[in-house]
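What TrEMBL annotates here:
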{"type": "DOMAIN", "residues": "45-131", "note": "domain 'G-protein coupled receptors family 2 profile 1'"}
{"type": "DOMAIN", "residues": "146-318", "note": "domain 'G-protein coupled receptors family 2 profile 2'"}
{"type": "SIGNAL", "residues": "1-22", "note": "signal peptide"}
{"type": "TRANSMEM", "residues": "148-171", "note": "transmembrane segment"}
{"type": "TRANSMEM", "residues": "289-310", "note": "transmembrane segment"}
Amino acid sequence: SGPVGGIMVTLLCCCLLSSAWALVDPDDVLTKEEQIYLLVEAKEKCQRDIKAQLEKIKDPSCPPEWDGIICWPRGSPSQEVSVPCPDYIYDFNHKGKSCHAYRYCSAYGTWAMALSINKTWANYTECALLFSSESRSRQKEVFDRLHLMYTVGYSISLASLIVAVCILSYFKRLHCTRNYIHVHLFTSFICRALSIFIKDLVLYSGTAPSDAHRMREDDFRVTRKQKPPGFAFGDQPDMGISLCPQVGCKVVVTLFLYFLATNHYWILVEGLYLHSLIFMAFLSNKNYLWVLIIIGWGLPAVFVSIWASVRASLADTQ
């Protein structure tokens, strides 16, 4: 049993380490700090390129410049200048090679102006396709169907689990260590389902924002040295879902991740108990049950607490 026990300990350590690693960054979303860093890098590179271009420019032309989003190259008079949508802007459309931002160089060698606001004209419409009303409506339709599907699924699962826990708890003949572990496993799945319903209630409740607060395509006809109105780098597209209070969001998401982790750890506990029946039958079931309870409910709390602390200190986003 020595080699088998060593293998089990190794697998347990790997499971704990992989769980801790997975909780560090559960969502692959660019933070505002990371987006700002990418913009600063792009600006520095642009300034170096501009300096090199200015040394070679002799004929009248529109000068290269950084507008806060894109590094615009030199423009020839009476010509439209197109630049691919930058991949360092998280929320921009990066699909396909036909997505560009545009400026127009006038015959006088100056960038065309938007007379209504007296600023340099630029068209970011193709880069902002993800923010168009049609795209938002399609995304909302998909998410509504997905929400309905998993709500029905979790509701059926929740009802079945509650019935199972009631049966195992009511009949005394079913009271044993094995079924106690089953009850804890079912309870963790019940808590997960409830946390999902609460998370949806907190994150997606409230009235939809007014049209004035929604992203408009015209918002991306931006001006020089000015980012698009209503556009926050690193934020997600507005799909008619109101943001919940920041603290409430963090609490419900943390609880959801905790119960998600308990699901996996109680499945691990089931395996450990089966292993104990074969190789460690001399242990007391009562004492061993408490050890398994600590593993199932305690270890996830440790790793989720570490994740929450790291996230709050290094990537504190909404």
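Each residue, glycine too, has its Cβ placed from N, Cα and C.
DSSP places the residues of the domain 'G-protein coupled receptors family 2 profile 1' (45-131) in helix, strand and coil in these numbers: 18 helix, 24 strand, 45 coil.
The average pLDDT for the domain 'G-protein coupled receptors family 2 profile 1' (45-131) in the predicted structure is 84.
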